[in-house]
Amino acid sequence: MSAPAQNYKIADISLAAFGRKEIELAEHEMPGLMAIRKAYGDVQPLKGARIAGCLHMTIQTAVLIETLVALGAEVTWSSCNIYSTQDHAAAAIAASGVPVFAWKGETEEEYLWCIEQQLFAFKDNKKLNLILDDGGDLTTLVHEKHPEMLEDCFGLSEETTTGVHHLYRMVKEGKLKVPAINVNDSVTKSKFDNLYGCRESLVDGIKRATDVMLAGKVAVVAGYGDVGKGCAAALRGMGARVLVTEIDPINALQAAMEGYQVVTMEDASHIGQVFVTTTGCRDIINGEHFINMPEDAIVCNIGHFDIEIDVAWLKANAKECINIKPQVDRYLLSSGRHVILLANGRLVNLGCATGHSSFVMSCSFSNQVLAQIALFKSNDKSFREKHIEFQKTGPFEVGVHVLPKILDEAVAKFHLGNLGVRLTKLSKVQSEYLGIPEEGPFKADHYRY
């Protein structure tokens, strides 16, 4: 494939000015990314990096992209979801000169086309040498269709739980060809983005889509991992009566100890009025469950892919489907009752709203930037010696790695000032007593926060 005829394809370039205003607002709420620009801008640690990114093309992602560029990288971009692009964000990034191929409401074919287009949009027909992914679609495409691009690739960083599961499967099957950093399992990602991000953005998506009163409703949350915990807390905070389904006895016990009733989907499907899937698995809600649901049950997903809900069964077996408004469809079933599907079974917080807030995404994206630096500089011993926070980041073998604790703690520190947090300092005596450095890291890698 030759280089694209133009260096972007988006919905409307005239939205760029609007997008730029929102990017400027978001920058104030993303202190981690701004601190990284300040700390490493003069060093240009990503000079020479060519990063292909596949992640929701939102305002917050625009700040991430411009941070990578500010550190010296050349970047191309596509979205990792057909509904999640904010068109004004894509326009602002395109207007800044970054090749971006994304718009809200892509077809499946257009989605794959966009991912492939970005691979051939680097200057002088050069190939990528870093991948920044969310969900694994870009990683899979390059490994399966363009393996020659991996020859000079320093590695990849993966944003989300689903993509990390895919990476470990690739390792097991011997298919992963470059080092990968699991950004999702950084504490400042999984315990913040997954938990606190979902705690706010889930309800935002449901409310914008349906205007439903959640107080008093029976809400069913499938899965009680970090995402499920945030969703359950949000729904309970709105006054809903929350049921949880789980396969893992530890997570089930956690849910029970928090006061949630843990049931099976078979039982919950008869009484639930709002259903949220958070598992990263498939077939969580199937045809049998749809038939059992009460009138106008609301069904949505906040996991990465659309296979948690059997949307194909719904489309094949419904007597009628009426589109109420974008991303809100009402299906008539053989039971004579209706179900309301949000975002076509894809991410409800991005399909029906604008996703997580800027502040929590700053935590996640700070990890992404540090991961990209760690990969690109993994063989640069002088850089790692000068910047002690990167001493333990390389060289990397092919496999899946996590960022060291010192970088995780650094991300947290970047965000404390905006919240008015003042840290207590260890004394020398206390440091010696605990056996940890005065400046950290403060916890062992196995510590569970």
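Every residue, even glycine, has its Cβ placed from backbone N, Cα and C.
Checking the candidates Thr139, Thr188, Thr354, Thr393 against Swiss-Prot, the annotation phosphothreonine falls on Thr393. Just one residue in Lys21, Lys229, Lys405 has ubiquitin cross-link written against it in Swiss-Prot, and it is Lys21. Of the residues Glu110, Glu116, Glu158, Glu159, Swiss-Prot places Glu159 in the same substrate site as Thr58, Asp134, Lys189, Asp193. Gly225 (NAD(+) binding site) falls outside any helix or strand according to DSSP and counts as coil. Cα of Asp134 (substrate binding site) to Cα of Lys21 (ubiquitin cross-link): a span of 26 Å.
Listed in sequence order, the recorded positions from Lys21, Thr58, Lys189, Lys413 having a Cα within 10 Å of the Cα of Val227 (NAD(+) binding site) amount to none. A distance of 25 Å separates the Cα atom of Lys413 (ubiquitin cross-link) from that of Gly225 (NAD(+) binding site). If you compare Cα positions, Asp193 (substrate binding site) sits closest to Thr160 out of the binding-site residues Thr160, Gly223, Glu246. Using a 10 Å Cβ-Cβ cutoff, Asn349 (NAD(+) binding site) registers 26 neighbours. Of all the recorded positions given, namely Lys21, Thr160, Glu246, Asn349, those whose Cα is no farther than the 10 Å limit from the Cα of Lys189 (substrate binding site) are Thr160.
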